[in-house]
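Participant: Below you will find the structure I want to go over with you.
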Amino acid sequence: MWSRFGCVRLMGQKLRIQSGAQSDDDDDDSGDEEDEDFIPPDDKGCLSSDGETDLTSKEQLTVKSFSCSTCGKTLSSEGHLKRHERKHTEQKSFRCRRCKISFPTAEERRIHSKEHSGKKEFHCEQCGKVFFIHSSLKVHLKTHGEKSFHCSECDKYFSTKANLVVHKRIHTGERPHKCPHCERRFNYGSNLKKHIRFHTNERPYQCSECGKTFTNSSSLKSHQRIHSDEKPLQCKHCDKRFHHINSLNIHERTHTGEKPYLCAHCGKSFSDPRTFKLHKRVHTGEKPYHCSICGKSFGKHGTFRNHKRTHTGERPFKCSQCEKTFARSDVLKVHQRVHTGEKPYSCSICGERFAYFGSFQAHQNKHAKEQTTPESSE
């Protein structure tokens, strides 16, 4: 018999603590798994019936962190880790009717199918945000609580210790989640999960308007604004409007001249983090996208995607005027000038306009030759 014990509740689990030792309780009291990036907060003791802290300095709680070797997800107990790992090994016989993903249980398939249907059942009474599953709502509700956890590096405040710990990785550069397919590491488990889909070529989220597929639901949601013409964000310097806040921020730097991303190799600076990321591969030679058919490697995912179509023959971009199809969207855009008569390239010397850059460039070269006078004739 234990002479006395304290109790601490972490993400729906109870841990018993004995003086000088501690042990995990059975892990069957909660059906919800922890958040991907959850790191258990420090133990602050439990209050006894008279309101006093019931733990001494010898009764400090040490919470272990258990990481899945397959997907990098971190869980707070060995029991939860074992239960999670079954998802990778169990036969997945319940396939989603809308996409190609299969699940080990019908319940998991039911939860997943809500992402396609748009059905959201759980509403936050504080801000009105809605969620597919109740556990996501519970995690979200903590963001409305008192933000008492302070980051000493940047003065930001957080509602939970777990969120603060994860945030600090921005300052420390810690990337605990390693991709099992390559050497890349990530500071968030959710980012690793999305990255792994580039290796597996899994793109389960499909746009119902144009058929374009995505690795995650947030990218699909952002993309769908293109079809609705919804541009809620306006630049404060001009009248241009944008679908996404990131696009707005990058655009506004064209007015301010801000280029916060500096290359340590050559000193070149960039306003767009995506352009900066691609530029760094010029120095490192990194080509993370590998074609399994011919072995070629690519530094850009878009180039890799276009290359794969040379093997599959896929031509997903169709002209609405003549039914002609194309493997790349930019080639379709140029082709459509045949129907629209658009000629965006104008000669500054004679004013002639051209629909295609190649024709414009050839025309410019003619002027250059005409204006060149041999030195011998002078």
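Just so it is clear, glycine is given a Cβ too, placed from its N, Cα and C backbone atoms.
According to TrEMBL, the protein has these features:
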type: COMPBIAS; residues: 23-40; note: compositional bias 'Acidic residues'
type: DOMAIN; residues: 66-93; note: domain 'C2H2-type'
type: DOMAIN; residues: 94-121; note: domain 'C2H2-type'
type: DOMAIN; residues: 122-149; note: domain 'C2H2-type'
type: DOMAIN; residues: 149-176; note: domain 'C2H2-type'
type: DOMAIN; residues: 177-204; note: domain 'C2H2-type'
type: DOMAIN; residues: 205-232; note: domain 'C2H2-type'
type: DOMAIN; residues: 233-260; note: domain 'C2H2-type'
type: DOMAIN; residues: 261-288; note: domain 'C2H2-type'
type: DOMAIN; residues: 289-316; note: domain 'C2H2-type'
type: DOMAIN; residues: 317-344; note: domain 'C2H2-type'
type: DOMAIN; residues: 345-372; note: domain 'C2H2-type'
type: REGION; residues: 16-57; note: region 'Disordered'
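Tell me about the setting of these features in this model.
Facilitator: Computed over the domain 'C2H2-type' (177-204), the whole-number mean pLDDT of the model equals 84.
Residue counts of the domain 'C2H2-type' (205-232) by helix, strand and coil are 12 helix, 4 strand, 12 coil (DSSP-based).
If you look at the domain 'C2H2-type' (233-260), the same-chain residues 6 or more away from its ends with a CB under 8 A from one of its CBs are 222, 225-226, 269-272.
Using a Cβ-Cβ cut-off under 8 Å and counting only residues 6 or more beyond its ends in the same chain, the domain 'C2H2-type' (261-288) has close neighbours at 182, 184, 198, 250, 253-254, 297-300.
Counting residue by residue with DSSP, the domain 'C2H2-type' (289-316) contains 12 helix, 4 strand, 12 coil.
For the domain 'C2H2-type' (317-344), same-chain residues at least 6 beyond its ends with a Cβ under 8 Å from one of its own Cβ atoms are 306, 309-310, 353-356.
Remark: secondary structure over the domain 'C2H2-type' (345-372) totals 15 helix, 4 strand, 9 coil, with classes taken from DSSP.
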